[in-house]
Amino acid sequence: MDSIVVTGGGELRGEIPIAGAKNACLTLMPATLLSEEPLTLTNAPRLSDIKTMTQLLESLGAEAASMQDGQVLTMSSHDLDNHVAEYDIVRKMRASNLVLGPMLARLGHAVVSLPGGCAIGARPMDLHIYGLEKLGAEIDLRDGYLHAKAPRGLKGAEIELSFASVGATENILMASTLAKGTTVIRNAAREPEIVDLATCLRKMGAQIEGDGTSEIVVQGVDRLHGATHPVVTDRIELGTYMLAPAIAGGEVECLGGRISLVENFCEKLDAAGIQVEETKRGLKVARKNGRVSAVDVTTEPFPGFPTDLQAQMMAMLCTAEGTSTLHETIFENRFMHAPELTRMGANIEVHGGTATVHGVEKLKGAPVMATDLRASVSLILAGMAAEGETIVSRVYHLDRGYEKVVRKLSSIGAKIERIKE
Ligand code: UD1
């Protein structure tokens, strides 16, 4: 297993291109199952999770081709000859569950293993099941697999989600595009990835209104056709690289970034004393002098502070002046980076869903272990401001969500390398 070695010190300067969003691409790809015609995605990120989704779609009978070094993906689901999403693939990535809604809508039946993914909480699927059952599906759990069928086809319905789950909204939205009649999804997730999915589905012929708000209305159509769609910018990769100069000092422009993708996060950076400026090319981030100030953060569904940036934000707050509080409200077990940061000299207390971070002047490099995708990158960020060398092991998590991370961070002056073990 590879490790990443980061040596702290030195300001960062330059620009980093931000890739297409992993989480958008992982829901756009299964949308191909809704149509017999090809779907082409441009600006796709080059990540192992995207390869896993490709494998899953291929296992169902879809054909997939990638061009331009993986940035353009064309998928065709003309002949789907399998309706079972096997545990061997699904366990690698929770987003695999996003094939359930489209397969059910297109084929009238689907069998999908319960997923795995990051070990950051229980992450059940009750809301996906509730929504699809409202649309007329019959679903039971046998041998670790969800067996879903819609013998009389799917029918539009009014669905109120008890929590604005991103995945449940996506699965229900995709399924409802081919349901008969009108579907209303209330308390729908409002993430930019949902808007991106709805935009692509509209290009495929779906009739959807209200995406980006809490109420999405879908008028079912008989069939969807092919389309070409560029994947929206990855707001989590964007926020992560915005934190690099905020933690290590210097000035970095994140190309393709827009404030609207990370507004709440930018407000917190501003409160911490970090300058963010929207330019024609992206977002320019600078920390000119002194320590950052402590800030309090509560993770919330969009447009609130994203849970996927909580670990990276904590890395910055470890060396802030004063005490910060981080409340995690989305996942119950998402502070696994805290003990690793403590090994680097951070002063963090965790009680349930709250972490209290007492800022220290300096972190010290240490061998640490990546426990999930966002935790891994938070340790790299912390290492860039720490004294000496930080060795992050188990970095395979990183390959799931950050393309060319070593190359991108080296290009702005970070001392970072990947070593094979
Ligand atoms: C997506 C993102 C993930 C991000 C998360 C929250 C993808 C591929 N992943 O995950 O990076 O951290 O949104 O922004 O897009 N829940 C239930 N029942 C359900 C579904 C979810 O209780 O049926 C709970 C989960 O356990 C969790 C919370 O809702 O506590 C958020 O989950 P959800 O919004 O569904 O996240 P994902 O779609 O899994």
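Each Cβ is built from the backbone N, Cα and C atoms, and glycine gets one as well.
Note: TrEMBL annotation is automatic and uncurated.
Feature annotations, reproduced from TrEMBL:
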DOMAIN    6-409  domain 'Enolpyruvate transferase'
BINDING   Lys22, Asn23  phosphoenolpyruvate binding site
BINDING   Arg94, Arg123, Pro124, Met125, Asp126, Leu127, Asp308, Ile330  UDP-N-acetyl-alpha-D-glucosamine binding site
ACT_SITE  Cys118  active site, proton donor
MOD_RES   Cys118  2-(S-cysteinyl)pyruvic acid O-phosphothioketal
> Fewest neighbouring Cβ atoms within 10 Å: which of the binding-site residues Asp126, Asp308?
Replying inline: Asp126
> Here the binding-site residues are Lys22, Asn23, Arg94, Pro124, Ile330; which one has the lowest number of other Cβ atoms no more than 10 Å from its Cβ?
Replying inline: Pro124
>> In whole Å, how far does the CA atom of Pro124 (UDP-N-acetyl-alpha-D-glucosamine binding site) lie from that of Asn23 (phosphoenolpyruvate binding site)?
In response: 18
> Sorted by position, what residues of the same chain at least six away from Leu127 (UDP-N-acetyl-alpha-D-glucosamine binding site) have a C-beta under 8 A from it?
Replying inline: Leu161, Ser162, Phe163, Ser165, Ala168
>> To the nearest Å, how far is the Cα of Asn23 (phosphoenolpyruvate binding site) from the Cα of Asp308 (UDP-N-acetyl-alpha-D-glucosamine binding site)?
In response: 11
>> My understanding is the cutoff is Cβ-Cβ under 8 Å with a sequence separation of 6 or more in the same chain; which residues meet that for Met125 (UDP-N-acetyl-alpha-D-glucosamine binding site)?
In response: Asn97, Leu114, Pro115, Leu146, Gly167, Ala168
> Does DSSP give Asn23 (phosphoenolpyruvate binding site) helix, strand or coil?
Replying inline: helix
> Which of the binding-site residues Asp126, Asp308, Ile330 has its Cα nearest to the Cα of Lys22 (phosphoenolpyruvate binding site)?
Replying inline: Asp308
